[in-house]
Amino acid sequence: MPKRTDIKSILILGAGPIVIGQACEFDYSGAQACKALREEGYRVILVNSNPATIMTDPEMADATYIEPIHWEVVRKIIEKERPDAVLPTMGGQTALNCALELERQGVLEEFGVTMIGATADAIDKAEDRRRFDIAMKKIGLDTARSGIAHTMEEALAVAADVGFPCIIRPSFTMGGTGGGIAYNREEFEEICERGLDLSPTNELLIDESLIGWKEYEMEVVRDKNDNCIIVCSIENFDAMGIHTGDSITVAPAQTLTDKEYQIMRNASMAVLREIGVETGGSNVQFAVNPKNGRLIVIEMNPRVSRSSALASKATGFPIAKVAAKLAVGYTLDELMNDITGGRTPASFEPSIDYVVTKIPRFNFEKFAGANDRLTTQMKSVGEVMAIGRTQQESLQKALRGLEVGATGFDPKVSLDDPEALTKIRRELKDAGADRIWYIADAFRAGLSVDGVFNLTNIDRWFLVQIEELVRLEEKVAEVGITGLNADFLRQLKRKGFADARLAKLAGVREAEIRKLRDQYDLHPVYKRVDTCAAEFATDTAYMYSTYEDECEANPSIDRDKIMVLGGGPNRIGQGIEFDYCCVHASLALREDGYETIMVNCNPETVSTDYDTSDRLYFEPVTLEDVLEIVRIEKPKGVIVQYGGQTPLKLARALEAAGVPVIGTSPDAIDRAEDRERFQHAVDRLKLKQPANATVTAIEQAVEKAKEIGYPLVVRPSYVLGGRAMEIVYDEADLRRYFQTAVSVSNDAPVLLDRFLDDAVEVDVDAICDGEMVLIGGIMEHIEQAGVHSGDSACSLPAYTLSQEIQDVMRQQVQKLAFELQVRGLMNVQFAVKDNEVYLIEVNPRAARTVPFVSKATGVPLAKVAARVMAGKSLTEQGVTQEIIPPYYSVKEVVLPFNKFPGVDPLLGPEMRSTGEVMGVGRTFAEAFAKAQLGSNSTMKKQGRALLSVREGDKERVVDLAAKLLKQGFELDATHGTAIVLGEAGINPRLVNKVHEGRPHIQDRIKNGEYTYIINTTAGRRAIEDSRVIRRSALQYKVHYDTTLNGGFATTMALNADATEKVTSVQEMHAQIKKS
């Protein structure tokens, strides 16, 4: 049946900011849905608070709202735009929860809006654990023994029935948030208390433990005529007990017999029928007991999910696009498969002739004190996917694509260490982020496959594969480079060994292995992902490498090509913002007639969508892999400055190998990154910098620190996201940093900078084409200097800086761009103190603020800069004027502290945010209030506020206290702060710090006395002492600020109404044109 004609306009709900458990796979699905529905002639309205997404680009929908995904705000959008239907299955758990709330509040009924893609009843039946259990029993499928609890008493009663260990999961949360495994009553009570708090319905599901069972997922698509297809089966390499988002997964499933696969296939279709999903994709998760084969259904998601993004990339079947078309009434047999050029209908189940491996990427090093063991609560921040012809090839490609310093199965422990075996056994039994490497170490240390299986419950089939790779490594180490004859080397390359890994084993440089391959003429061929195992011809160039005979790449000979290197797996400090820039580069250069080639290995992103570029190579972004693609494609230019640190690290080596790197030269990049060379440029331009020094030994550091003066910012050179960066307050602190945080040497110097306390930090994005400099935007940070720029909220235009100061910055940016010979994007960070401008750093590449600035000003900076790199000047493009919008845009960050209970949520020079939201308003206050609502912070307009500030903030705190009083707050203060306020005639209630006797601050927070807390600290001792305030505020959901500037911004926003007015991006940009 063709599409519905009773619907003219559709509202798509996005997923909001990137958090652990809900990443950019929903930008990928949302962008596909927008395209698919507009193709069919529908008017598309989109709401998503995350500016770093492709789907919020003004050309993706007819009306785009970068507004909080909150039912009251969405109600305003519905009232204004009057859509006929709402599609909630593209924006993850956020969108589903929002849609259910709109239904509950009667908004959909009030404005006559139909829900498409899923019914409220189907969502509820899948998400409500009790209804789901009943539904499964009805169709004869088994579920885990479980019970539901809404209070601690109920929970304990369920535990008595289910027994220990048991698994606790809160309802309606994402990525297992708040859940865990309890082995005893004490752990059980702790997890339940947290879970009840985090579930929006205060509901817990308590299950019997399935730890050690095998876990599988089926990606299913079903239409209203009951056509049902399995897009892909996915097997978890790690057994149950580790969240599927944190498990290594493999597609298609490797260890099922055909009979078991058919049983699971039929069961998953039965689940969709029973739940009532009839227009879209779902994923169904199963567990199998390896001892007796008992099969149970764990859960199903009635929406597009993380796994469906993986399944789409693994098979080439665009699940989100198909689901969007099914939602408006099409059936599978009416839709054509794009990848085969319409030679097959969408009702054909994809078949694949390769193996796909996904490995999660973790960032525990950012969270001191976090529990880094893997459990049922998701903790990974990104993932990498690799494709190979065998399990071994695909696994080894994924390992090197992860960018954690491994080129394959690099050893984690030295076997000479007497503790080695103990450590290996511990790591296998209680999995952390690196377990896969410890498995290889276990085989090196002489454990048998059975021995490893007993510790890990990982299927023996997978273990045998790894054991074989370890034995081959031993052979390479034994024979050395002279023993690598053509046949042996080909065998190793077929099993996925990287040149760099073989070089390490043979004790030579990587270049020597490459030379050897050239001698043997041993190079990879490229195979296509075509959904049909090469049964039909394909027009889509979606490729992966493998060492076989026949190459299917067929590169064009007569076209100018530009290759864009992507950013690899998401991680903190390098996220979706960089992917956004890569996509824009590809789109702009395609429009200009170039053939574009994308190289990336992140399955969640839009850049790895088969129709974003002309040609897609799904490969690790490493020197070896990139050089092999260049060998075949011979591009005219390669762009390295858009994918963050990943491709930048390769710039010099690529240039040395004769690859045409376009844009800012690798040498110029080095001039900005290398401290000494940069210093020369700054001196020549006579710019001011905070006093600084570069040191290569601890005693030298102590001497230099005396000259510069404390406090100091200390960090290793060449880092992204502020890794191992700290503020130190005295010599003892400095010595501790050198002993614990870094290994310093001539090759790895450490930088010392005078820390400008209380300075205002500013970010400037600009583009230079060699003749002129375009200022993209000047952003004033809300948190003062010392908080990593990626963790600070910021405002465009600036909300306190004078015009003169901004002009000084404009001139300095221009001088720097010419001095460093920038071609393309650059980002400069300044600090302003006592009306003086200090230069902090320059990055001659795309910065993470580019998408935000583009949305705020309407200038697509990444596209403009890509054209500059390809040789088109700013004047030719007609983009020469800095745009200062007639409204305020505020970017606010989203932090993952709720996933890491042991971590202090104090902001500092290490970046820890996972995502961002944007708020727009006529005043700074309104924009800031919207950004707060978008980032889910719970701001109360009145109540009792607690003030506890450091020495340096005591002058300004009086002004803040007066503002809070005027707003109607009652005030509490700790001793030192209370004295200062008392002198100014404000008399707060005095409260005890934790070590001053009870009732103390923590008691009062627990009793719910506060609606707002401001706590600023300086100095290691004070930070340790006050950590309990910040953790308690987070745990009991009290809005808190850890900087005074944040406090002032918050008080300004208290009087603004974040839900009163909604403005689309298209309307915003029209206002700019008028002004």
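From the backbone N, Cα and C atoms, a Cβ is placed for every residue, glycine too.
According to Swiss-Prot, the feature ATP 1 binding site maps to Arg129, Arg169, Gly175, Gly176, Glu208, Leu210, Glu215, Gly241, Ile242, His243, Gln285, Glu299, an assignment based on sequence analysis. Among the features that Swiss-Prot reports, Mg(2+) 1 binding site is placed at Gln285, Glu299, with the record citing sequence analysis. Among the features that Swiss-Prot reports, Mn(2+) 1 binding site is placed at Gln285, Glu299. Feature annotation from Swiss-Prot assigns Mg(2+) 2 binding site to Glu299, Asn301; the stated evidence is sequence analysis. The Mn(2+) 2 binding site annotation in Swiss-Prot covers Glu299, Asn301. Feature annotation from Swiss-Prot assigns ATP 2 binding site to Arg715, Arg754, Leu756, Glu761, Gly786, Val787, His788, Ser789, Gln829, Glu841. Under the heading Mn(2+) 3 binding site, Swiss-Prot lists Gln829, Glu841, citing sequence analysis as support. Taken from Swiss-Prot, the feature Mg(2+) 3 binding site applies to Gln829, Glu841, supported by sequence analysis. Among the features that Swiss-Prot reports, Mg(2+) 4 binding site is placed at Glu841, Asn843, with the record citing sequence analysis. Sequence annotations record features per position, and here Swiss-Prot assigns Mn(2+) 4 binding site to Glu841, Asn843. As annotated by Swiss-Prot, domain 'ATP-grasp 1' applies to 133-328, with the evidence given as sequence analysis. Taken from Swiss-Prot, the feature domain 'ATP-grasp 2' covers 679-870. The region 'Carboxyphosphate synthetic domain' feature in Swiss-Prot is assigned to 2-403. The region 'Oligomerization domain' feature in Swiss-Prot is assigned to 404-553; the stated evidence is sequence analysis.
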Next item on the list: Report the nearest neighbour of Asn301 (Mg(2+) 2 binding site) in space among the binding-site residues Glu215, Ile242, Arg715, Gly786, Gln829, comparing Cα positions.
Entry: Glu215
Item checked: Averaged pLDDT score, the region 'Oligomerization domain' (404-553) -> 96
Item checked: Using Cα positions only, nearest of the binding-site residues to Ile242 (ATP 1 binding site) (Glu299, Arg715, Leu756, Gly786, Glu841) -> Glu299
Item checked: Shortest C-alpha distance to Glu299 (Mg(2+) 1 binding site) - which of the binding-site residues Glu208, Leu756, His788, Asn843 -> Glu208
Margin query: Going by a 10 angstroms cut-off between Cβ atoms, which of the binding-site residues Ile242, Leu756 has the sparsest surroundings?
Written below: Leu756
Check: Distance between Asn843 (Mg(2+) 4 binding site) and Arg715 (ATP 2 binding site) at the Cα atoms, whole Å?
Finding: 16
Check: Between Gly786 (ATP 2 binding site) and Glu841 (Mn(2+) 3 binding site), what is the CA-CA distance rounded to a whole number of Å?
Finding: 13
Note to self: Counting across all protein chains present, how many other Cβ atoms fall within 10 Å of the Cβ of Arg129 (ATP 1 binding site)?
What the structure shows: 21
Notebook entry, point to check: Rounded to the nearest angstrom, how far is the Cα of Glu841 (Mn(2+) 3 binding site) from the Cα of Gln285 (ATP 1 binding site)?
Noted result: 48
Check: Just the number: how many Å between the Cα atoms of Glu208 (ATP 1 binding site) and His788 (ATP 2 binding site)?
Finding: 43
Check: For the ATP 2 site made of Arg715, Arg754, Leu756, Glu761, Gly786, Val787, His788, Ser789, Gln829, Glu841, how many Å separate the two farthest Cα atoms?
Finding: 18
Next item on the list: Measuring CA to CA, name the entry from the binding-site residues Arg129, Glu215, Glu841 that ends up nearest Arg715 (ATP 2 binding site).
Entry: Glu841
